[in-house]
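Q: Starting off with a structure, shown below.
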């Protein structure tokens, strides 16, 4: 059964976050009580929280890395042993069956936990965090449960051999960790540690979440500066100087933690040489310089990357539309994930089986392998007649290889002794290792045919995989596709130039990787720095920047970046940096929602309960007007009160018997509101008796007496700028007598978008 889905919709299920503090009397009294030393304490707490975010994000990254390494090693060993068994009898189809079944079953577990327990943990989580930092409340996005499912899911999908990376989800994990620590309690576990209570509001939480996202990037790539820039470029919509420094601190701590723990795990405790989950290895400056005549070549690679990236995004767009319409039931989503896993294994197996690309082992940077069994023999079999798969172990560390002591599996399939199948170095491996191999293997390690076939296959596999119901990132697959066609490009260049020294395939693999990733996700600044930090080479800063800029310009001409596209497909009311260019003709009067439900300053409890219980108007902010008894006209604006504040007032029964008595049993403090944050109880759970309905409720000290307002003649760009820069949730529209005529919320502004024909208005939908 089809769910009709249209990309020209805005969903009403997303609430806004309130990045504007409600400056009511309680807030002002508390702020006046805080002296200079108390402010210093708050500042110190912020630094402590940032350090904790860094440490925990680093530890989560270590956990993912170590578990993936061991499980993937185990899986490849099992498949290899099985192949040994069937080589004697013949019948390699059993080995294919085993590989496909292993992949599918591992991915099934990973997909089931995401589809049935926490669907928000699907994908890389970067679009969701982007929305959160933009001010959209995506349900469950920073919960503890999401973190657990995310970590387990990403381990299972990488071990299950899908075309995914474990780097993207690290950003989401960092953000969840940050949101949890900064609140000093866990709402999922119902534990309150009574610390950091001052930070229990959206403004503070947002700043820590952007620090968490940065810590995630820096743990994934060992790129602290890249993390800060990522948070600035992709994430945070609101920024200041102190925040930059704290975020950098969190990123540094997270890289350092990952580094220390992995060094201890690999047994060289004092050597801090693995800064990130992926380490591209060092590039040699002597071999790898570049000359002025290569600049046009790099720009051309950027164009290719932009076109391929746009193709990737367009295919993924249609695929995602199909998924939203037809594959919306969890069981179907799990079946699709298993299908993709099985197909990935089959494609890999068939490509390895059919490849005749044999390379001598000595000439490659595949370390110096030990042949298991006697030298010259492969497990006692004659390897010329039958395929023979050999397990190699890294013994010594060549300069370019990954510093970890990992098991690596070149396969000697139909190849003579002392040779291995080079297609297997790309497929029979985790994607991270394959990227490093493509960057660092000596010239001549790969046949152009191998690289061409691999690029073609992997492009479609990665495109099909992104958007499945598993936790997975798109960073590494993009880098891998790019590294493969970049290396192919380098090889063809050296054919054309008769083997000139500057056409080193590794260098072009790096540029191709940057071009492909830039063409898919359209990041410029942060990606340049991430690539420079991950390769430990500043020489390439300029070419990488050129490649990424070209890829972004070319890609944007065709279609949006992958993350923006997915945000749009989810119908999220996302506010970009600027209002649409041609929107000056619209005024606040045309944009606003009217009529507005207003409350009087002293209001009957029954009226408040009825307004909050009314399901048709699920408003979250109510303007408070002066109450003139006996008159019916709209009175002047006095303030703004939020639904969450009203619910806390009703819950604590802050009523007065009649209008002229101002007795309150117990004065509410700001702490009562903070304790209810962020999951305020629904109005249905609050019982108000018939007698209490007749009482009055005085909103004077709880409402925000100075809400932001705009006159109804203000143009849309002006309203947009105010709303976006201050991170508002409600903007009251008044006429010249200061009477409320309407209210502008996020959906009213996000509705207007520049389409192909100029300004277009999206329709609102409940889904």
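The backbone N, Cα and C atoms fix where each Cβ goes, and this holds for glycine too.
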Q: Among the residue ranges 389-408, 409-428, 429-448, 449-468, I'd like the one that TrEMBL describes as transmembrane segment.
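A: That would be 449-468, the stretch labelled transmembrane segment in TrEMBL.
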Q: Write down the single range among 74-95, 96-117, 118-139 that appears in TrEMBL as transmembrane segment.
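A: Checked against TrEMBL: transmembrane segment maps to 96-117.
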Q: So what's near the transmembrane segment (242-265) in sequence-distant terms, Cβ-Cβ under 8 Å and 6+ beyond its ends?
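A: Apart from its flanks, the transmembrane segment (242-265) reaches 46-47, 50-51, 53-55, 57-59, 61-62, 65-66, 174, 178, 207, 210-212, 214-219, 222-225, 227-228, 231-232, 236, 271-277, 404.
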Q: Between the transmembrane segment (297-319) and the transmembrane segment (96-117), are there three or more CB pairs that fall under 8 A, provided the residues in each pair are separated by 6 or more in sequence?
A: no
Q: Residue list, the transmembrane segment (474-496) vs rest of chain: Cβ under 8 Å, 6 or more residues beyond ends.
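A: For the transmembrane segment (474-496), the list is 124, 163-168, 220, 278, 297, 301, 304-305, 308-309, 312, 426, 431-432, 434-435, 438-439, 443, 446, 448, 451-452, 454-455, 458-459, 461-462, 465-466, 503-517, 520-521, 562.
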Q: Look over the recorded stretches 208-230, 297-319, 334-354 and say which has the most C-beta pairs under 8 A to the transmembrane segment (538-559).
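A: Per the Cβ count, the answer is 297-319.
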Q: Let me spell it out: take the transmembrane segment (334-354), skip the flanking residues so only those 6+ beyond its ends count, and list any with a Cβ under 8 Å from a Cβ in it.
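A: Those are 92, 95-96, 99-108, 110-112, 115, 160-163, 323, 327, 411, 413, 421, 423-424, 427-428, 453-454, 457, 461, 464-465, 468-470, in sequence order.
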Q: What same-chain residues lie close to the transmembrane segment (297-319): Cβ under 8 Å, and 6 or more beyond its ends?
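A: For the transmembrane segment (297-319), the list is 290, 459-460, 462-464, 466-467, 478, 481-482, 485-486, 489, 493, 508, 511-512, 514-520, 522, 543, 546-555, 557-562, 565, 569.
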Q: Residue counts in helix (H, G, I), strand (E, B) and coil for the domain 'CBS' (703-761), per DSSP?
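A: Across the domain 'CBS' (703-761), DSSP assigns the residues as follows: 16 helix, 23 strand, 20 coil.
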